[in-house]
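Undergrad: Reproduced below are the annotations present in TrEMBL:
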- 1-26: compositional bias 'Polar residues' (COMPBIAS)
- 125-202: domain 'Wolframin EF-hand' (DOMAIN)
- 599-700: domain 'Wolframin cysteine-rich' (DOMAIN)
- 702-811: domain 'Wolframin OB-fold' (DOMAIN)
- 1-29: region 'Disordered' (REGION)
- 228-248: transmembrane segment (TRANSMEM)
- 260-282: transmembrane segment (TRANSMEM)
- 288-311: transmembrane segment (TRANSMEM)
- 346-365: transmembrane segment (TRANSMEM)
- 371-388: transmembrane segment (TRANSMEM)
- 448-467: transmembrane segment (TRANSMEM)
- 474-492: transmembrane segment (TRANSMEM)
- 504-528: transmembrane segment (TRANSMEM)
- 540-560: transmembrane segment (TRANSMEM)
- 566-587: transmembrane segment (TRANSMEM)
């Protein structure tokens, strides 16, 4: 930015280029010669000469009243140019001129205000950019990207070249350079481009000019070395491609996807999710949901880590410009400017921390076999964040990692105890290596032992590093610790070495298979969901509808949204492999352990007598929620509740809207003349058609029943006398086919949790599993895997607390 002199309208606005400005000179002797040299140096951009010119003009204002206004404006112009290059004295004189209205006019007021408000570091960077351009341009108006790249590489390497080489050296270098394009080719940049790069740099951004900086040429190596380095170069290339894909392409895809969010699309998504929940049922949804949350949270963690790796590469580019600008301006505070860049990089760290909390909350509710599949990704991210995310590697980082892993890995500190305890026996130090627990509050315990000792040492070291270097320097190390800790937790779930073969094979095929299976990418989504529906017990009509819908939707997305393919192909292949190798991985939680409480023991202890009703309830109430495995005889089966969510929703709609929707998602009345129907079924069909109409549609396929099964329990011996007692079993819609197929006097074996009326007559149980011992109809055994929310609601926060505060404080 510059001031335009009103006395010379031919002066251009851009003052950074060479111009033919009116030179201020005085003829006469050596003094005039010196002033002409000062004027020429000022025109060439020398800040000291510009300061001298402006200061001299200000001092001579009183002696020359005729040209005082013009000289004052010219003095302000030179002071502005010197101040823009970081000259503090020029800035003070310019501020004084503004305060006293010396040389200020409508042409230069805005430029002066912007110059005074500009940060000193930006001024210094502008001056460094001017010097860099002067050294490279050799009096020309442009420089080439090749010469700029060579200069940058030499400065980064620490090679301080002379401004002008000798003619002999120039000739030798010219003869050695066979490719003139590498020396003089590329884009052409004016001084304004370098000034713009310095402004971006001072704001904490990598200058856009950096993408024209070509990589440093590699030194000539022998064919043998190149052969051995080929795998390394291939790994580096794959790593760069993956980081760019995750950190740029995939992130931009999701940002564009989120930008499409509006009230209409949000409403449609809510309807789709509600439909899926209704289709699967709340029981299966609650079972699958923790696994889905863990997958999504791990995916967000990997994306955040890719962003950190990408920002680390950007910081290397940013540091390159720090070296360049600080070489030409040693007064530039590069540490302060680099901190600006680092403080702008907080978003991936915040996203990672939030995703870790969701991941930790879902881990205790997810099958351990499913978590084992994350191990390759956890190990890879741990290694990458340890070696590539920090700005520099120090010894204390490895010491901190070793101490922290020793504190959170039971096998490590148990081994240390085993070796150390024999040497410290009877010395008084064995207490420090023995585990002691102190109850602080409720279930919170203070653990004292070797693990707590390691953890306290780690906390002390981290506190010292945090106070000395700050949070910006410490955060990358904390990220690597988090990944390593998560890897340890997943490793502890491995009970057999064979458990690792399937995850490793899955990840290997996951990388190779998508490139050779474009057809599978179209058919597989619908096929997976259709198979899932059949597995969950839905009829073939719904499964076929989902298969066709999935294929059509995937084909449309691939045709009209090509970038969608790169998003879901890897995820899709992973789901396919998991479905084939372990199809019940997400749908089955580990079996719950039943207690050893037999019916005779329960009846002898908790069955009420005539005088001890309250006492028996009080004594046996702690058994609530206990899983028992008993046998009995069916005396009655009743439906105590019917829930139909679509019916309650459609009931509030107008009839002309309700009837088509009911026929679309419901079922139509079946013909009563079919030969497949029995006499009772035909009579029932005629009754319904007479009452509802021949073409009526119902939503009975959406009914969710709650059954009450009365079981007669027989005791062979009892202290109050033998006899038969009745208990109630509450079964939800999962057991519909089994409950409707039961007959009176059928003998069943069941597993359930004691629920209500414990200690009184007719206790009730929540059914978890049931099978026939002696039934009139052939019924397959059924089991239900549900999350016990009354107890498991606290599993997630407890696991997170133990992860963050353990092993010192645990719940």
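Placement of Cβ uses the backbone N, Cα and C atoms for every residue, glycine included.
Any TrEMBL annotation is an automated prediction that lacks curation.
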Undergrad: With a Cβ cut-off under 8 Å, give me the same-chain residues at least six positions beyond the ends of the transmembrane segment (448-467) that come close to it.
TA: 396, 399-400, 403-404, 406-408, 410, 413, 416-417, 420, 432-438, 473-474, 477-478, 806-808
Undergrad: The transmembrane segment (346-365): which same-chain residues, six or more beyond its ends, come within Cβ distance under 8 Å?
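TA: Residues 290-291, 293-294, 296-298, 300-301, 303-305, 307-308, 311, 371, 475, 479, 482, 486, 489, 787, 792, 795-800, 803 contact the transmembrane segment (346-365) from elsewhere in the chain.
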Undergrad: Below 8 angstroms Cβ to Cβ, which residues of this chain, lying six or more residues outside the transmembrane segment (288-311), approach it?
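TA: Residues 242-244, 246-248, 250-251, 280, 345, 347-349, 351-352, 354-356, 358-359, 361-363, 365-367, 370-371, 374, 377, 381, 384-385, 388-389, 476, 479, 483, 585-587, 787 contact the transmembrane segment (288-311) from elsewhere in the chain.
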Undergrad: In the same chain, who gets a Cβ under 8 Å from the transmembrane segment (474-492) while lying at least 6 residues past its ends?
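TA: For the transmembrane segment (474-492), the far contacts come to 305, 308, 349, 352, 356, 359, 363, 371-372, 374-375, 378-379, 381-382, 385-386, 389-391, 397, 400-401, 404-405, 408-410, 462, 465-466, 803.
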Undergrad: Mean pLDDT over the domain 'Wolframin cysteine-rich' (599-700): what is the value?
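TA: Average per-residue pLDDT within the domain 'Wolframin cysteine-rich' (599-700): 79.
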